[in-house]
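*Asks:* Please see the structure below; I have some questions.
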């Protein structure tokens, strides 16, 4: 199968006539016609074998995740997904792999009305680069720079399960099979919080998605906003779903592993965001409207830096380093 | 140096206040505000070490080329460049390499007023994925599907020098040093024909950029337009610049090598386009306005297929295969 047959078979579908895509796959460029007056939100993520995923990962899950991590960036800005491009470097043409990968990708794309409009395929070490486009009314994008002292700090959904699965898959931590299976779903099939991001427009003062670990990502908000924060670790520690499974009860996890996974785990693809206390009802309404649980985990402070406190309000001294590709 | 320092040092500059970029590098998404009513043209290309470039290529040239091949796609659509994202997988942080790569990239970006708005960096085998954004008035994009029987076929600039350089660098063909040096410039620093593409709006009936080889790329126009073509190989053979250098005179190149390089060389990044004979003056004016030479090389036919003819109008029987990553 040649390059163009491959694109035609796995990565080409007719554009929907009512969408923002004026011209899809097959010419030198795709043509997008955003709603007049809207801004275009753009994000790009590159996934590398051995770095972001295991060589033997289910290709369906990989197709899902490659798009999910990009949609998560749109969610963090409160942008509505429109379209994406896919650039793919493949060691060889493996039809079973392409079939699975494209299936996982299309399923998530369809769920969000996000159309594949173009891209590139080449031979080389497995590498997936997706660039995603969404739209947002001018001035309404959720940015990292809007957090103000006194704001509440929230996170959506669960934290730490993806990292827990990774630790188990790497052989660092034993896990019961059912716990691993569920945690692995979180690692391999993250849920981009697109509906929550849209519902938080005009409500949240700042937002970003948690991809490298809660504290590291939160520190980007704090730096961009020129503020500090206090985080209640007894609350964040409860956000790891696995600890609630009956088979995980008791000694399975120590408190330190849970803190590591929830505070600096990475691969969560939840939204961390801030909002003034006057918006608590609006945050609850956004959570309900988007069917996405959110938890208040701390407060924005005037003093720069991140303070971690335990259930008694006492400082937690340990530092939790976030993921960095070159450290 | 960590991931975020690397991005800050080499890949972040303030967005120009008068441009289409509402928010550049540093948040979850970039925000683009295209001119109201314009369509957004999008293209993405991935370059892999050992496949698209040699491991020891000058990083400045590579930074240029990685963006140039994307701008060439915008040129082929007649779109004005606005912005691009860069996703980069690097084996390690090599500051000299990053310094050179970013210098070459910025120089070309500045020449076209095209801003870097975001992207991704990760560790892995060297891989460069750029996605570029331009704008074009609705209905004015140059497409592959507009060629009509009787149209003239044109190509810009020169053909075949990039392939000739590649053959020499691979040790397949000996070349005098000065000829190689100039041909190598064409391989490593292609010139995206952006100004010509803009000038051809409303003039050309179809267009695309020549990246995989003239005949293969032209066949995409023919297929999309449902037509055939006759190409004058005695004209295309003269488009290789190297054959005109004094030191290349005589026996340096055989006619067959020249045909191979000009018809199926690849990496030319010229524009191939069609226009009705009534537009010959307009094509000449577009050429002049953009300071880009163009040459009429053939005619669009009703009968599908590509006919190659020599100076006597006799058929050239040999087939020239274009580049395909998976064949």
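Cβ coordinates come from backbone N, Cα and C, glycine included.
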*Asks:* Name the one residue among A:73, A:161, A:254 that TrEMBL lists for the same Mg(2+) 3 site as A:28, A:209.
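*Replies:* Checking A:73, A:161, A:254 against TrEMBL: the Mg(2+) 3 site match is A:73.
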*Asks:* Taking the Cβ of each of the binding-site residues and counting other Cβ atoms inside 10 Å, which one has the highest number: A:45, A:267?
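*Replies:* Neighbour-count leader: A:45.
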*Asks:* For residue A:44 (Mg(2+) 1 binding site) and residue A:119 (ATP binding site), determine the Cα separation and express it in whole Å.
*Replies:* 12
*Asks:* Near chain B: which of the binding-site residues A:28, A:43, A:119, A:211, A:212, A:267 have their Cβ closer than 8 Å to one of its Cβ atoms?
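*Replies:* Listed in sequence order, the binding-site residues near chain B are A:28, A:43, A:119.
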*Asks:* If you measure from the CA of residue A:45 (Mg(2+) 1 binding site) out to 10 Å, which binding-site residues from the list A:28, A:73, A:119, A:209, A:212, A:267 are inside that radius?
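*Replies:* Checking Cα-Cα distances against residue A:45 (Mg(2+) 1 binding site), the binding-site residues within 10 Å turn out to be A:73.
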*Asks:* Quick one: DSSP breakdown of the domain 'PurM-like N-terminal' (A:26-136) into helix, strand and coil?
*Replies:* 36 helix, 46 strand, 29 coil
*Asks:* May I ask you to report the DSSP-based helix, strand or coil state of residue A:209 (Mg(2+) 3 binding site)?
*Replies:* strand
*Asks:* In whole Å, how far does the CA atom of residue A:43 (Mg(2+) 4 binding site) lie from that of residue A:73 (Mg(2+) 3 binding site)?
*Replies:* 7
*Asks:* If one measures from the C-alpha of residue A:267 (substrate binding site) to the C-alpha of residue A:211 (ATP binding site), what distance in angstrom results, rounded to a whole number?
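*Replies:* Cα-Cα, rounded: 5 Å.
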